[in-house]
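Features reported for this protein in TrEMBL:
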ACT_SITE  249  active site
ACT_SITE  304  active site
Ligand code: ACO
């Protein structure tokens, strides 16, 4: 038995390929780090859903479809307003996604586009409700990533900020059979519907070992505070047997290519020198100490470490880190649901019984 199904092939996919030892991530044949720099969110979403980058006409059709789907019905805003105070934001997003796209029919590409376009609008409305602020309707002239920032703040974002966020969102769109994508495929395999698969995936992503790390990375950076305090703080955690958030990955045993690309984007945006300097120093020190305390485990910076740095530099609140991850990953989840539904066998692994048997 392999705990956590580590190393077990549980599905075939043509959507993405990861070589964790070489630090390679490929979306439908294209290096993710390259498409993140050269293409828009909409283009890369099209790539993951269709298998090829769009031509001009296809892109403009997708942009129009997404613009339309961003105009979510009023009842979604009302639903979010009436959900109980204290309910986790991710659970609120799951509820809204399920309400937006109900039905038991076989998952469709139109639903994938609808959920992807609506998810940032939903996340922003949930965030603003938590802040006691009214929701902001999307801006007709802005693209996916810029609209997300606009519906969060009510201000048209700086180009550099929208671009940094877009790169992050592209780099976290898809990542093979991670826990939330696996959850989505398992749900799809029962011939359940698209929104159920996506809301289940949101529940899986909510856990701190999967999508919850950036918030904890920021807490870690804030607690460390200065370059001088870095080594002592990290050493104390490791001496205590604790894990350093933003380091280690189930798949990558070398540098996570998404972390490398995001570090470049962070340097380009370069808003907050203190945080960027501190993050770079913490990264270097942590990798050295992880090799000292956990030799041979191949523990390096993961995407969440630099995601935290990017989001801090564009001023996204820490509470929005995991919801933003869900906003991006909706593309990957929906692509996998479509692939699963297209050639389906229900998932039904076995468990080894370790209890007693009474006669
Ligand atoms: N800090 C300290 N030690 C670590 C860390 C870490 N961040 N990550 C792994 N280790 C150690 C473990 O304690 C273990 O040590 P042992 O051999 O002495 O028992 C060894 O490395 C292997 O650990 P596993 O949990 O088996 O490694 P796995 O590859 O399954 O873990 C995981 C991956 C869960 C991401 C882990 O590295 C971790 O907990 N990291 C911190 C949380 C985090 O950053 N999560 C975000 C992941 S990225 C994402 O979800 C998109």
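Each Cβ is built from the backbone N, Cα and C atoms, and glycine gets one as well.
Of all the active-site residues given, namely 249, 304, the one with the smallest number of surrounding CB atoms inside 10 A is 249. Annotation note: residue 304 (active site) sits in a helical segment as assigned by DSSP.
Spacing of residue 249 (active site) relative to residue 304 (active site) is 10 Å (Cα to Cα, whole number).
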